[in-house]
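Student: What follows is a structure written as structure tokens; I'll ask about it next.
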Amino acid sequence: MIDFLSDGTVYVHNPHLDGMKDDFLYHFNLGTSTHNLPAMFGDVKFVCVGGSPWRMKSFIEYIAGELSLEDPKAEYPNICAGTDRYAMYKIGPVLSVSHGIGIPSIAIMLHELIKLLYHARCTDVTIVRIGTSGGLGLEPGTVVVTKQSVDATFLPRLEQVILGNTVVRSTDLHQGLAEELLQCSKDLGQFETVIGNTMCTMDFYEGQARLDGAFCSYTEKDKQDYLTKAYESGVRNIEMESSVFAAMCQLSGLKGTPLV
């Protein structure tokens, strides 16, 4: 578990890290003995993560223009260019990181991101997942701010097997942040935004009741009945990363929410 200290920094509760000469973040190609992480990342206050490397580069270019920090058309190097697993870009206090598709991919990235923020001695960091999702009962283009991530049975939990044992973790999110983001959207007035539960599945096809996968053992009616139950339970969109995002934000003390 990771807690925030009184000064807002992240403290990592992993005794094994204390005995390591170098903590190498394999999938970022960054390490405590090879890089000056506090100098590179110590000013980070906002982290935005999303599936696609291309989207996260486009996002940092957009932020550069919005914050008037640099020319949006400038070339922003991929900080993780030494690996093909993830892409990372930075402008001022904003870090933009890709996480791939699905729970396993984003979980690996978050482990290393949380340690990166710890080693860089960052304080008061807010993290938001941005991306796409499938909406339920919403007009196309509606943005869903996640109130709570639920599994495919509509329960707010993440099940993970550790050392052969099933560990259940909470997927509650920072409600204050969700309300702040909703208000920001209202102030902008550019697109419809709602707060609702996000269902996180382990699969894009059968897990999301699609009919066009390689395998399908249910009918159109079965699909519609399931999606109706999901909507009635409070689910407003479906994706594949929110549960582990929520669980790891809670464990780390990070103020975060998906915005998809």
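Using the three backbone atoms N, Cα and C, a Cβ is placed for every residue, glycine included.
Okay, so TrEMBL annotates it like this:
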type: BINDING; residues: R85, R129, I130, G131, T132; note: phosphate binding site
type: BINDING; residues: Q208, R210; note: substrate binding site
type: DOMAIN; residues: 45-255; note: domain 'Nucleoside phosphorylase'
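Mind mapping these onto the model and telling me what they sit next to?
Tutor: Cβ neighbours within 10 Å of Q208 (substrate binding site), excluding its own Cβ and spanning all shown chains: 20.
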Student: Among residues R85, R129, I130, G131, T132 annotated as binding phosphate, what is the maximum Cα-Cα distance? Answer in Å.
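Tutor: 20 Å is the greatest Cα spacing among the residues binding phosphate.
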Student: Give me the CA-CA distance between R210 (substrate binding site) and R85 (phosphate binding site), in Å, as a whole number.
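Tutor: Their Cα atoms are separated by 28 Å.
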Student: Taking R85, R129, R210 as the binding-site residues to compare, which has the smallest set of other Cβ atoms within 10 Å?
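Tutor: Ranked by other Cβ atoms within 10 Å, the binding-site residues R85, R129, R210 bottom out at R210.
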